[in-house]
Amino acid sequence: MSSTLIGKTVTPFLKEHIPSLYAPIGKPHNEETAKQKDPNTRYCYRHRPDSKCRRAADEAKMIMIQRELDKLSSADQQAITHVWSLFSAAPARHRELMLQGVLAQLCFPQLSLVSREVSEALKIDFITALPVEISQKILCYLDTVSLTKAAQVSQRWRLLADDDAVWVRMCEQHVNRKCTKCGWGLPLLERKKLRNYTRQRQLAKSSSQGRIQELTDAYRAEEANLALPPGKRARTAGFLDNPDGKRQRYSGLVDRDVQPQQGLKTRSWKAVYRDRWQVGYNWKYGRCSIKTLKGHTNGVTCLQLDDNILASGSYDATIKIWNIDTGEEIRTLRGHTRGIRALQFDDSKLISGSLDNTIKIWNWHTGECISTLQGHTAGVVSVHFDAQLLASGSIDKSVKIFDFNSKEAFCLKGHSDWVNCTRLDINSRTVMSASDDTTIKMWDLDTKQVIRTFEGHVGHVQQVLPLPPEYEPDEELTQGVNGSSDNTDNVSVTSGRGGTPAVSFAQGDRASSTLTPRDEDIRALYGPSFASDPSRPLPPRYFLTGGLDSTIRLWDSATGTCLKTMFGHLEGVWSLAGDTIRVISGANDGMVKCWEPRSGKCDATFTGHRGPVTCVGLSDSRMASGSEDGEVRIYSFKDVSNGSDVGTPR
C-alpha cells in the first residue's frame, strides 16, 4: 500500500476513533463526548485507551509474533501492521464487523487456532487487575492451603498472598482458639511474654506515677499483637524475638507509637502462623519428642509445667525442680515429712500441700522454705493460689481460704468426704471444690456460702478445671436441658438463698455494665450476691470435671447442667489440664488422652507409663504426665526432628 493511499484511508480512521493518541489537537472534548453519546466507544478494560487496569502484554507471545513477523518481507510487515492499527483504533461495533468477516473466511485449522488462543485470552488475572485492598480482601477468604498455592502463581500473587494484612487475619482466626470453619486451633506460643507484659502493666497501675520503668521491646510487640482484641491488632508489625531472654532497660511511659529499635528482628505474620501451624499439626497427629525425668523414689502425685521449668511432687516427700530443655534436675526441696499431694508455683514462690497436714511456701530458686501454714487437721491434697488468696482442700473434708494481705483465714464446710481439688477465681471471688462425695461445689467467698452444688458423677470427683472465658461449646450442647444435651437426668442443687429461674442460656457477656434482660437472667442464676451487684464479674461459665467413674464431664456453671460426658478412659480419671484448644487427662489405666473441648471428642491417646497417671500438665507446645511409676514424661510438639508418632489418633 502506497504512502498516499495510507494517508487517505488509514490515517483518517485512526484520527477519528482515537483522537487522544493520534489527534492531540483534535476536537474539543471529543473523547468525553464520544463516551457519553456514542455506544461504539464502550471498550472493555483490556482495550479502553484511558483505562488504568489494562491487561499486561504476554511477553512470550509477543516474542513469538515478532519472530514470525521478521521472517516476512517489508511490504508484508507493513500491510499486517496496518491491519493491526485499524483494528486497534476501531470502536466496538467496527471490531465486531471486522471479526465476523474474518471468522467467516477461516478454515477448520485456523478456527482451531482461534479456539486455543481465545481460551487462554479469556483467563483474566483479576488479582492483578483489581486494587490492592480488594485483592487482599479476596485472598482473606482462602484457607491456608489455597493461600500458599496462590503465592506460587506469579510474583505479583506472591507479593499479595504473603502480605501481613492477609496473614494477620489467619492468626486472629486460629491462634489460641478453635476456628469454627475448619476446626483448627493453633497454640499461642507467646504466653510468657504476654504474661510478663501484663504484670508490668499491673505494677504500673499500682505505682504513684503509673509508669513502667522496665519493659522489653518484645513485650511492646506483644502489646501490639496479642493484648489487643481481634480486629484491633497491629496489621503490619510481626512478633519480636529476644533470643537471649534478657530484659533491656527502658525508661519512660509506654508509647504505642514507639518504633522498634534498629537491630531487632521482626517476623512476618506468615512466619508467625507457620510456626504455630507446625506445632498444631504435630499435636493433631501425635508427632513429638519425649523426655523421661527420673529422680523420685516413689510415685509422682502432682506437677506443674511452665515455660522451661517443671516442678513435681511425690510420695517420697520431696519436690523436684527440673529444667525441661536439658532434662536435668535443678534442685530438690525437702521439708515435708510425708508425701506431697499438691503444688503450684509462679516466678518467685512455690506452694505445696502434703499429707503431713501442712502447707509450705518455698522460694524455689534457692530451695528455702519461707513459711509453713497449719490449719488442716488431716492431709492437704489440693492447693491453688490466685493473687493474694490461697485455697486448700483436705482429707478433713474442708476448704480453707488464706488471705496473704490481711493475714486472715476462714474455713468452708459442706463436703462430706475428702476435698480433692480447689480452684479460685479472684475476679468473681468464688472458689470451686471437688470431693470424694461425688459432688462439686461453687462457693461465694464474700458470703462464705455455697452458690450451687453440681451432682452427676457416680464416683469420687478428683479434678475440676474452669475453662477460659474465650471457650464456647458446640451450639448443640447449649440448647438447654430439653435440647440435645446427653445428660438431661443430671441435676444441680442451688443454695436456696434466693429464687433462681431454672432456665438455660448460652454464653453471656460477663463484663458488660449495661445489662440486657438476658444478662440479668444469667446473673440471677448465680444468686442474690451477683444479681444485686451488676459490676461484679461472673464466675467461669463452663468447667470440666474428672472422676473415678472414668468420665470427664462438661458443666454450665450458670444453670448447673452437665452439657457433655466424655467417655474413653477404662479406669478412673485422676487429673485434667487444658485451654481453649485442647484438654488432656490422666487416668488410672496408665493412659493420657487429648480431647477437643468444644465437641468433647478424643483426638489422641498416649501410652508409656507403667502405672496410673496421677497428674498432667499442659503448655502450648508441651505436655507432661506423672505416674505412680515414679517417672515424669515430657512430650514436646515443637522440636520433633528426633521425635516419632507416639499418639494414637482416633
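Residue numbers in this text run from 1 along the chain shown.
Heads up, the Cβ atoms here are built off N, Cα and C, so glycines get one too.
These come from TrEMBL:
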DOMAIN    124-170  domain 'F-box'
REPEAT    293-332  repeat 'WD'
REPEAT    333-372  repeat 'WD'
REPEAT    373-412  repeat 'WD'
REPEAT    412-453  repeat 'WD'
REGION    474-514  region 'Disordered'
COMPBIAS  479-495  compositional bias 'Polar residues'
REPEAT    541-565  repeat 'WD'
REPEAT    606-638  repeat 'WD'
Number of helical, extended and coil residues in the repeat 'WD' (541-565), per DSSP: 0 helix, 17 strand, 8 coil
Whole-number mean of pLDDT values that fall within the repeat 'WD' (333-372): 93
Composition by DSSP (helix, strand, coil) of residues within the domain 'F-box' (124-170): 33 helix, 0 strand, 14 coil
Secondary structure tally of the repeat 'WD' (412-453) (DSSP, helix then strand then coil): 0 helix, 26 strand, 16 coil
Counts by DSSP class (helix H/G/I, strand E/B, coil) across the repeat 'WD' (293-332): 0 helix, 26 strand, 14 coil
